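Visitor: Structure below; questions to follow.
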Amino acid sequence: MSFFKNAAWMTGGTILVQVIAQITNIALARILSPEYFGVIGITSTIILFIYIVQEAGLNAVIIQKKEISNKLISTTFYLNITLSVILSIIILGLAPIIAQFYDMEGIRTILNFSVLGIFLGALGVTYKGLLMRERKFRQYTITELLSEAIAVTLTFILLYYNMIFYAISARLVIKPAVHSVILLKYFGINNFLSYPDYRLIKEIIPFGSKVLGIRVVEFTRNHIDYLIIGKLLGSYSLGLYTIAFQWGMLTKFYIGGSISKVVFPEVARNQDNLYKVSQFFLNILSKFLFLILPICFGFVFTSNEFILGVYGEKWIPTVHVLEVLVATGGVASFGHVISRIYQGLGSPEIDLSNKLYSTILLVPIIVFTSQWGIIAVSVGILINTILFETRLFVKIVKTLEIDFKQVIISFYKPLLATTITYIFYFTFKEYLLSVYWSFQSDLLYLCILLILQLFLYLIISYLINKDTVLWMFSKFKKIKQINNKARYS
């Protein structure tokens, strides 16, 4: 498959996974109080950190190396198993200490239950790397969707029986377990049967440790706010922040994240041809902006209606936090993609240093702004993100020897189309829709606003940015044709 077909599979699949996950979170939010989501925020952060350590370094070696051997695959497989056992023991030991530190009921139960998912997930980590190396993103996406659907089903079953903390942790256990079973069936169990060659650790550790360092610093940069907010502001404020963060970081983790997974192997294949990488970067930049700008603007202009219609009145204090974090996620999504470009070029240390400095500055910013509440903390995080992601963006442009005029051209049309769209949208909403129509359902009103935004954006983009719109529809058409062929073959 071409890059854009792979990106479409990854982005589409990730969006569907996100839709399933968010429906689950919405159902939980309708039932539970913000304090429960504070517990979810802390435990999810800890377990996600474990998954980052579990996957990042060893997987990156398999993807980045030009040639790999069965011995290398076998060695990374067993290293993952060993690492996961160690991580599981650490979590079991720290669970009661973490629960006592935050004084939040349920943290210990969720962490103890999640250890099972850490171990079972280790069985499929190496195979994820192989799928991405071979650019089998269709298979990867289907696996993600299936495992997410099964995990969510079990979550609702446990929720029905009022097993709240087990329902919260079910996805953390079942999803990686199902993922591993599917991948083991796809690739077979040969790696269980062959012996590892631990002399290859000398090949794995140098590059893998750099990538792992980047992911750990990146993770710390993205989630240290949870750990500090939970301690300084308590579970209620953290619960509000958790809901806002899930949607605010949509563009970074689910659009930028999906594209970055495809960018990494694509850049790695062309790492010796800097001109080709630069043209590739400019090409995806305009397409990337076409996707994320309307999402960011859309959330900002409908944040109140969104929270009221989807989550209910008790979550209204989340609105302004969401608006700030949406802007943060939009800016950070660029850095997410650029990070993978540097990794593909074999220079992950550049991104590592940028994220390290950003994280060091972020801690005092959060501590200082926390005295004014959760909104002030969110603004501080936004300022930090703008400073360091802009620095990284300028650096990659210089590294790839790109003329800044070309960058401005890539920004111009998507930004102009989005700006005009929301001028028309705001005018229509405030002076026509709100004056002449009234709606009994908050959710219905939200749906009408979203449809209006989408309609305006596509029309105006077609007039201003016609090539990109036609490109998007052509890609959707090709993917549909491929799916039809696969269905009847």
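Numbers here mean position along the shown chain, with the first residue as 1.
From the backbone N, Cα and C atoms, a Cβ is placed for every residue, glycine too.
Automated prediction, rather than curation, is the source of TrEMBL annotations.
In case it's useful when we look at the structure, here is the feature table from TrEMBL:
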TRANSMEM  37-56  transmembrane segment
TRANSMEM  77-98  transmembrane segment
TRANSMEM  110-130  transmembrane segment
TRANSMEM  280-301  transmembrane segment
TRANSMEM  362-387  transmembrane segment
TRANSMEM  407-428  transmembrane segment
TRANSMEM  443-464  transmembrane segment
Visitor: For the transmembrane segment (37-56) against the transmembrane segment (110-130), do we get 3 or more Cβ-Cβ pairs below 8 Å once near-sequence pairs (under 6 apart) are dropped?
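Guide: In contact, yes.
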Visitor: Do the transmembrane segment (407-428) and the transmembrane segment (77-98) come together with 3 or more C-beta pairs under 8 Å, pairs six or more apart in sequence?
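Guide: Contact between the transmembrane segment (407-428) and the transmembrane segment (77-98): absent.
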Visitor: Need a quick answer: max count of Cβ pairs under 8 Å to the transmembrane segment (443-464), which of 77-98, 110-130, 280-301, 362-387 is it?
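Guide: Checked against 77-98, 110-130, 280-301, 362-387; highest Cβ contact count belongs to 280-301.
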Visitor: With Cβ distances under 8 Å as the criterion, find the stretch in 77-98, 280-301, 362-387 that has the most pairs with the transmembrane segment (110-130).
Guide: 77-98
Visitor: By Cβ distance under 8 Å, which residues at least 6 away from the ends of the transmembrane segment (77-98) in the same chain are close to it?
Guide: 42, 46, 50, 53-54, 58, 107-108, 111-112, 114-115, 118-119, 121-123, 125-126, 191, 196, 201, 204
